[in-house]
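Asks: Okay, here's the structure, questions in a sec.
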Amino acid sequence: MAAEAKMTPMMAQYHEIKAQYPDAFLFYRLGDFYEMFFDDALKAAKILEITLTSRNKKADNPIPMCGVPYHSAKDYIKRLIESGNKVAICEQVEDPKLTKGMVKREVVQVITPGTLIEEEALEVKENNYLVALRQEGQTFYLAAIDVSTGEIKVTQTPRPAQLFSELYALKPSEMVVDSSLDTEVKDQINQQLAIYLSSFDLTDQTEVGTQWVLDQASPQEASLLNLLLAYLYSIQKQALGHLQPVVRYALADYLQMNHFAKSQLELTKSLRTGRKKGSLLWLIDHTKTAMGGRMLHQWLEKPLIDEGILRQRHQQVAQLMSAYFERLDLIAAFETVYDLERLVTRISLGTAHARDVDHLRQSLGQIPHINRILDGLNASQNQVLFEGLPDFQELYQLIDTVLADEPPISVTEGNIIRSGYHEELDQYRDALANGHQWLAELQQRERDRTGLKTLKVGYNKVFGYYIEMSRLQSANFDDPRYIRKQTLSNAERFITEELKQLETTILGAQEKATQLEYQLFTELRQAIAAYTGQLQTLASQIASLDVLANFASLSEREDYCQPELVAEAKSFQLEASRHPALEKLIGKAAFVPNDFVLLPDQPLLLLTGPNMSGKSTYMRQIAFCVILNQIGCFVPAKSAKLPIVDKIFTRIGASDDISSGQSTFMVEMMETNVALREATPRSLLLFDEIGRGTATFDGMALAEAILYYLAQEVQAATVFSTHYHELTDLSTKLPVLRNIHVGATEQKGQVVFLHKILEGAADKSYGIHVAKLAGLPQSLLVQSQEVLQELESNSQWLRRQEPESDGQLSLFDLPATKPSPKVLREDQEQVLKQLAALDINQLTPLQALEGLAAMQDQLK
Ligand code: ADP
Ligand code: MG
C-alpha cells in the first residue's frame, strides 16, 4: 500500500490505461520511446531480447521496465504479434510543450494477430482471417473477415465437425467470442486449433460502423456481425470504409472434405512440415498476382459442385491454353499488377504512401492492354467467354495528372506531385530552382571578390547554408561581411547577410512545397478511396483471370487434359492418369500412368497389392483428379470423364503413417464412421488399408464387414485398398465389388513392382519379398519362407479353428468338405497361433527376430 501511496502521477496514468487492456502489451509513449512496465516488461524483454531495466532503482520496489525506440517499433510489434500477442499503442494526445502537468495519453490502436494490415506483416498469397463465432440453439454461426482485403463472409452449421473443418480451412489467426459461447466449445477450439481467442461482449454503448450490407440478414447473423465489427472498431479505433459487402455461403454448396481428408491429401500444406511447400497448392500455384494466389488457395479449399461454373472455367482454360501468345501476353501484363485488394485497403484507411498509389496507377495502366487481349480471345470463339474489365481510365488519368513519375515512398519529403499540376507548388519549385541558380551566382561573385578560387557555398541540415574556405585561406582572410559560423579541422565556414536572406527564401519555399505536396497527396488518396468498391471488384476479376491463365499454363506444361463432365453419378474414366506431385519428383519417364475405371453397376473397387506397390499413390491421384476437375483445372491424365462429386472421404495413409504413430486406430475408425454415415451416392470414398492398425484377425473382420456395408448400404463410388488379399474372394458374393490389383512379378526371387493397376485380385502379398528388399538377415528370410509354407498348407485349418474357438460364425465360408486337420502337438499349435496373430506391419526387424527365436525355443 505504501508503494501505491507514493505512486507518481505518471504511473497512476499508466495503471489506469493498462487496466483497460489487460491482455495486450501496453506500449506507453515516453518521448522517443515506447516503454513497458511490470509484467509486460518482464515478458517483452524475453521475447524481444531487449534489456530489462527498472524505474525508481533506489526505491524498495523498483518497477521493471523496458523500451523500444518509436521509429523502429514496427519490427518489435511484428515480433510480439507473431508470437501470439496483442499490442496496445498508447500515444501522447496533447503537445507536451503546451501542457502543464501530466500529458494526456490514450490508446490509439490495438494490434492483434487477426487484424493486421501492414504489408510487411502479412503473407502475400495468404488471407489473414479474424473470425467470430456464436452459437444459438444447435447452430453455430461463423463470420470471417480479412481486414487487409476487406472481405467478409458468414456461414452456419449445426455440426461441430463441420465447423471445425471450416475453421481448419480458414486458418484464422484470431477468433472473437462473447461470453455466451459454451466453454466446452471454447476449450476444444483452444486445444485442437490453437487459435488466438479474444473475448469481447457487446454493450449498449458499443458503436458499430454499419457499412456492412447483407441482404435479409437473420437476427443471428446480425448479432454475429455486430460482435465482429464492434470488436474491430474497439481495436482499430476508426471506421473501416473498405469493407466489402458481406457474402453468405453454405458449406453444402461446395465439395465437402473434412480437414482429415484435406490434410492427408496435403492440399494446401505438407503433412510433414505444415508449410505450403510440398502441397498440391504449391505444385499448381504459379499465379502472378497476390490476389490470384489467394483466390487459388480459396478455390482449392472449396472446390465447386456447380456444373455451369465448372464447364465455363474448363472452356476458359481450354481457350487460354490454345491461344498461346495471348496467354503469354496476359501473364506478362499480370506481372505489373500489384496487390490491388491490399492497396485499396491502405488507400481507404489513409496509410497508403506515394509508391502505393504509383503501383495502383501501373496496375490500372494494364487494363486497356488486358482488355485488348480478352477481346482477341473472345473474337476467335465468337462468344463472350471472358468478360472485359471496367476501364478505369478516368481514375488512371486522375492519378497520372497528380502523381509524379516514380515517386519516393515517403510522403513528407516532396517530389511526389507532378509539376504543372498545381500553380502554387510550381511557384515554390521555381523559387527553389532559382534559388540554386542564385546560390551558384553568389558563389561566383564571392570567388571573384575574394580571389579565392576554391571558396564554395554549401548546405548542412543543422547549420543551414554557409560559405566554406580552407583553414589556410581563412588565416589571412579579413572581411567584415563574413561572419564565422563553424570551424572544422581543415576548413572554416561563414555566413553573410546576403546568403542568410537567400536561405530564408529557399528553405521557406522548400517547407511550403513539401507541406503542400503532402496535402495534395492526401486529397488524391481520398479521391481514390471513393473507388474502393469498384477496385475490389476489379481485383477479384483479375484474380480469377490470373488463376485461369495459371491453370492453362500448368495444363500445357504438365500435359493435363480437359475433363468431360458426366451427369451420371459413380461413373469415372481416367485414362493414363498420373500423380501430379510424384511424377514431378521422379520424372515423367519413371512414373507409370494408370487407368481408373469405375462404373455405376460396380462402384466398389477392392484394390490389392503388396506393400510399396503403389496403392496409396493411386488413390491419391484419383482424389487429385477429382479435386482439380472441380476447381476448374484440367487433370493429369490422357483423357478424363468425371462426374461431379459432392463429398470426398479419404483415409489414405502416408507412407510413414503407422510408424510415425500419426494415426491411431481410433481416429481411423472415427473417420470411417463419418464416411459411412455421411456418404451419398454422389460421394467418393477412398479407404486405404482400413483395419491395418489393429490385430490381423479383427482388422480383417472389420474390413470385410465395412465392405459389406459399403456394398449394401452406402453404394457410393469407393476404392478400398487392402493387403489382406483373402478379401478378394468377396467378389463372388458381392456383385457390386470388382477386384483390381497392383501388378508385381518375381524375377530370380526378387519382387519387382510394376506400379501398374490390373484387373482381378493379387495372387499373394509379397510381404517376405518386401522384407528382403528392406535388407533383413538372410537366415531370417529363409526361415520365414518355411513358416509361410507351413502356414499356407494349414491355412484352411487355421481359419476354421480361430472363429470356432469362441463359438462365432465363420469369417470365411469354408468348403463343405473340410480337410482333416493335421494332428499337432500342443506347443506347435501354440506357436502357430502366435504366428497367425502377428501383425507384421507393426513389427520392427528386431522384434521379428526376437519373436522368431522365442518360437523356435518353444518347439525345441
Ligand atoms: P503402397 O500404398 O502400395 O504401399 P505407395 O503408394 O505408398 O505404395 O507407393 C510406394 C512407392 O512406390 C512410392 O513412394 C513411389 O516411389 C512408388 N510408386 C507408386 N506408384 C507409382 C507409379 N505409378 N509409378 C512409379 N512409381 C510409383
Ligand atoms: Mg499405402
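Using N, Cα and C of the backbone, Cβ positions are placed for all residues, glycine too.
Automatic prediction, not curation, is the source of TrEMBL annotations.
Sharing the features that TrEMBL gives for it:
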- GLY609, PRO610, ASN611, MET612, SER613, GLY614, LYS615, SER616: ATP binding site (BINDING)
- 683-699: domain 'DNA mismatch repair proteins mutS family' (DOMAIN)
Asks: According to DSSP, how is the domain 'DNA mismatch repair proteins mutS family' (683-699) divided among helix, strand and coil residues?
Replies: 4 helix, 5 strand, 8 coil
Asks: Mind checking which residues of the chain, 6+ beyond the ends of the domain 'DNA mismatch repair proteins mutS family' (683-699), have their Cβ under 8 Å from one of its Cβ atoms?
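Replies: Long-range Cβ neighbours of the domain 'DNA mismatch repair proteins mutS family' (683-699): 615-616, 619, 622-623, 626, 645-653, 658, 663-665, 668, 672, 675, 706, 710, 714, 716-724, 802, 811, 836-839, 841.
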Asks: Mean pLDDT for the domain 'DNA mismatch repair proteins mutS family' (683-699), rounded to an integer?
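Replies: The predicted confidence over the domain 'DNA mismatch repair proteins mutS family' (683-699), as a mean pLDDT, is 84.
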Asks: Less than 6 Å between Cβ and the nearest atom of ligand 2 is the rule; apply it to the binding-site residues PRO610, MET612, SER613, GLY614, SER616.
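Replies: Result: SER616.
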Asks: Going along the chain, which residues six or more apart from MET612 (ATP binding site) have their CB under 8 A from its CB?
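Replies: Long-range Cβ contacts: PHE753, VAL770, LEU773.
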Asks: Using other CB atoms within 10 angstroms as the count, which residue among the binding-site residues GLY609, PRO610, GLY614 scores least?
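Replies: Looking at the binding-site residues GLY609, PRO610, GLY614, the Cβ with the fewest others within 10 Å is that of PRO610.
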Asks: Just jot down the residues in the same chain as LYS615 (ATP binding site), at least 6 apart in sequence, with C-beta under 8 A of its C-beta; none if empty.
Replies: LEU607, GLY609, ASP688, GLU689, SER721, VAL742
Asks: Quick one: which residues besides GLY609, PRO610, ASN611, MET612, SER613, GLY614, LYS615, SER616 have a Cβ within 8 Å of the ATP site's Cβ centroid, in sequence order?
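Replies: Once GLY609, PRO610, ASN611, MET612, SER613, GLY614, LYS615, SER616 are set aside, the remaining close residues are HIS723, VAL742, PHE753.
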Asks: Under DSSP, is SER613 (ATP binding site) helix, strand or coil?
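Replies: Its secondary structure by DSSP: coil.
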Asks: For the binding-site residues listed here (ASN611, SER613, SER616), tell me which residue's CB has the most neighbouring CB atoms inside 10 Å.
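Replies: Highest number of other Cβ atoms within 10 Å: SER613.
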